[in-house]
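Colleague: Pulled these features from Swiss-Prot for this protein:
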- 60-75: compositional bias 'Polar residues' (COMPBIAS)
- Asn18: N-linked glycosylation site (CARBOHYD)
- Asn546: N-linked glycosylation site (CARBOHYD)
- 1-84: region 'Disordered' (REGION)
- 114-141: region 'Disordered' (REGION)
- 572-594: transmembrane segment (TRANSMEM)
- 628-648: transmembrane segment (TRANSMEM)
- 663-683: transmembrane segment (TRANSMEM)
- 715-735: transmembrane segment (TRANSMEM)
- 743-763: transmembrane segment (TRANSMEM)
- 845-865: transmembrane segment (TRANSMEM)
- 884-904: transmembrane segment (TRANSMEM)
Amino acid sequence: MAYQPPGKDNGAQSPNYNDSGHRLEDLPHGATYEEEASTGLLSHQQGGPFGGPFDDPHQRGTSPVRPTSGYSLTETYAPDAGFHDPYSTTGSVYSGNSAENPAAAFGVPGRVASPYARSETSSTEAWRQRQAPGGGGGGGLRRYATRKVKLVQGSVLSVDYPVPSAIQNAIQAKYRNDLEGGSEEFTHMRYTAATCDPNDFTLHNGYNLRPAMYNRHTELLIAITYYNEDKTLTARTLHGVMQNIRDIVNLKKSEFWNKGGPAWQKIVVALVFDGIDPCDKDTLDVLATIGIYQDGVMKRDVDGKETVAHIFEYTTQLSVTPNQQLIRPTDDGPTTLPPVQMMFCLKQKNSKKINSHRWLFNAFGRILNPEVCILLDAGTKPGQKSLLALWEGFYNDKDLGGACGEIHAMLGKGWKNLINPLVAAQNFEYKISNILDKPLESSFGYVSVLPGAFSAYRFRAIMGRPLEQYFHGDHTLSKQLGKKGIEGMNIFKKNMFLAEDRILCFELVAKAGSKWHLSYIKASKGETDVPEGVAEFISQRRRWLNGSFAAGLYSLMHFGRMYKSGHNIIRMFFLHIQMLYNVFNTILTWFSLASYWLTTTVIMDLVGTPSESNGNKGFPFGKSATPIINTIVKYVYLGLLLLQFILALGNRPKGSRFSYLTSFVVFGIIQIYVVVDALYLVVRAFTNSDAIDFVTDQGVGEFLKSFFSSSGAGIIIIALAATFGLYFVASFMYLDPWHMFTSFPAYMFVQSSYINVLNVYAFSNWHDVSWGTKGSDKADALPSATTTKEDGGKEAVIEEIDKPQADIDSQFEATVKRALTPYVPPVEKDEKSLDDSYKSFRTRLVTLWIFSNAFLAVCITSDGMDKFGFTNTATDRTSRFFQALLWSNAAVALVRFIGACWFLGKTGLMCCFARR
């Protein structure tokens, strides 16, 4: 229903939204998230006086015709605004590479070619040019009028900028007409240049945030941390968050959300971007489209004091889907997005995720004082009502300090990503963790890790020591903390902070005088993308494995601090049980390399070389061939394991993709071979009573003794039942068994590589703690802010450009065009760097040297080589080898002696005939 301005006759002609053009609207009732791709926005040329999304539907049917402006939208408000467009086409879809004029899709006159077009400059270079004062326009630089802005307390630059008319008009009338005392919440974006450390971002120092300025209680602070994700991944997370906020606002019978003001005013979304340099500039266009960012307003410094973070604030009802579809409210139906209070913090320099969390908790958290903080990584899509489920966990349990939901792998449409065995294996790993591990730890009250990609904390629970210990890993505090900071840490502590979320979990549960516990909330689900390539997978797991191992040891060594907490005796009893469980798991992890090798060899020996008494043949190649095959498999296994150390100690995974891929495949084949042998053992045990030397005719005691004998067959049967059987039973109990059929085989194929490749690489690179930052050369494109004094030198002011609304609107068109251009993933180059080439040659050289020597040693000394046609025994071969070696050394020594004698004789003879 179109909004009618006050005093307007309701019988007047309403804007026409029923055309087939670019409509900014939410999904139709009943539509699913995956169906958004069918909602075209750039499909056809606009028609009618209000055919474009940026035409103001709240203006009268006609408006005075202004002088022609290359970027003004107001001409399209006049129904007879004709013009000649040399690029005019009908019914075509704009693509970033076509020659058609994209302005036609918006009903805008033809204009001068922009120097910032994507075809002429890269998105990064075009972004740099747009940061110049007045440089956002497409027709070249021009002079604008200026206004004087006072600095808060003489040092804090905080300015309100008008948002484009299209964004203002997208806000529903019931919100725009209900402004609080002339609030500029929906009409202006607020920009603050923070020139301080996050700890100094306080009201006392002149900094403030809009929700606090409006005296609103913040119940839920939703934080999205970002590094360099593309606009599709960012939109997936942001649109999912806005849909979840809509779920909360639409609650009808809530005892909390419907009291004390609108529900949307109790929720704040904060996006924290880790540096201008790594940031994807197309993502900034998406944020500008919904109103939370504008080009050309950021300041590099204020009076020479460098800006640390650029903070934008706006309340919007717009959203962009991962398919680059722009969604806006059309009515008061349940699918309409409510207003969402947003903050966008763009850090000037890349200073790591832990510093982003310091901005979130120490800067924004202390001003907003939220009850619950939800942490998301860009790329994680929260499921329907997932954020509500997380919040309800805190609302219904006053002692809950932290919680996490179920994270599952993004499988794509029709689960097509499961074709990749690596994705399927990770899907199974995530599922089993959510079915077996997380519920167990939640029952104890201490979840060892709440994943930073999808977790929540009660803000007052983590205040104090938990956050203090957590932020010791922030390198920007190294000088301030001294020996307690990064510079004073040993390599063990630095690795510990690779899994800093584990540190926060332990500190929260062990907080002195408190009884906070952690929980897993299954009803809350989040979807995340997982590595699809071997190199990316190895690099990711290095940080996870090293960080979790160090943090696990930290929690065990500091378990005594639990006695200072306020937990009751029952909770402490279960925490002690969990500690013993963790100790046992740590020991198993430490010896996993040898355990896997021994398991593999024992199973192959049991099946391939059965005892003489039971009369079984070797499986699967017969009694004579199977031992030979098994011997080859063992040597290949050991050789590949040795290769992992060579690769891990000298190469980057991206520089050795083929070697690592080969290792995964060969280890997978060996694993399948061993699994087939193990299944054969089980089948033989239950089909032939004499097959594996079980005693079945002398009572239960003798049967159990033979079952658990050193032959190992009974133990293997129990192990198979306790793993495979347990997986199936637990999955069906949780009514989520599909991964057992779609992903379990792939997991079995990759499982041995988890131990033999990932663990070896992680421990071999224990020294790599990935600290350090990258400078931001992109910040050089930002202008500086210099103050002048007024009122006799009492007031510090700066001069700021005051753009006309028409120019703001026209520049916004170009922004939306860039934001809604279909995303084309960049082609990743697999070319090796020069350093990678040198390292690869070194690896091949060392590998050839080691394996050729090992092969010689095995051929000479191994008794097993008799099976390959060697007629003599290992003792005879060793004796003959030493004879050959001694004769060879003697021959070399003789040649060297002959050479020395020849040189001596020649030199003496030449002395007699040399000319003086």
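Glycine residues also receive a Cβ, built from the backbone N, Cα and C atoms like all the rest.
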Colleague: Counting Cβ pairs closer than 8 Å, which of 715-735, 743-763, 884-904 has the most of them with the transmembrane segment (628-648)?
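Modeller: Out of the listed stretches, 743-763 contacts the transmembrane segment (628-648) most.
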Colleague: Is it true that the transmembrane segment (743-763) and the transmembrane segment (663-683) have 3 or more Cβ pairs under 8 Å, skipping pairs fewer than 6 apart in sequence?
Modeller: yes
Colleague: What is the number of other Cβ atoms found within 10 Å of the Cβ of Asn546 (N-linked glycosylation site)?
Modeller: 26
Colleague: Apart from its near flanks, which chain residues at least 6 from the ends of the transmembrane segment (663-683) lie with a Cβ under 8 angstroms of it?
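Modeller: That would be 421-422, 534, 599-600, 603-604, 606-608, 619-620, 633, 636-637, 640, 643-644, 647, 692, 713, 716-717, 720, 748-753, 756-757.
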Colleague: Specify the secondary structure state of Asn546 (N-linked glycosylation site) as given by DSSP, simplified to three classes.
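Modeller: Reduced to three states, the DSSP call for Asn546 (N-linked glycosylation site) is helix.
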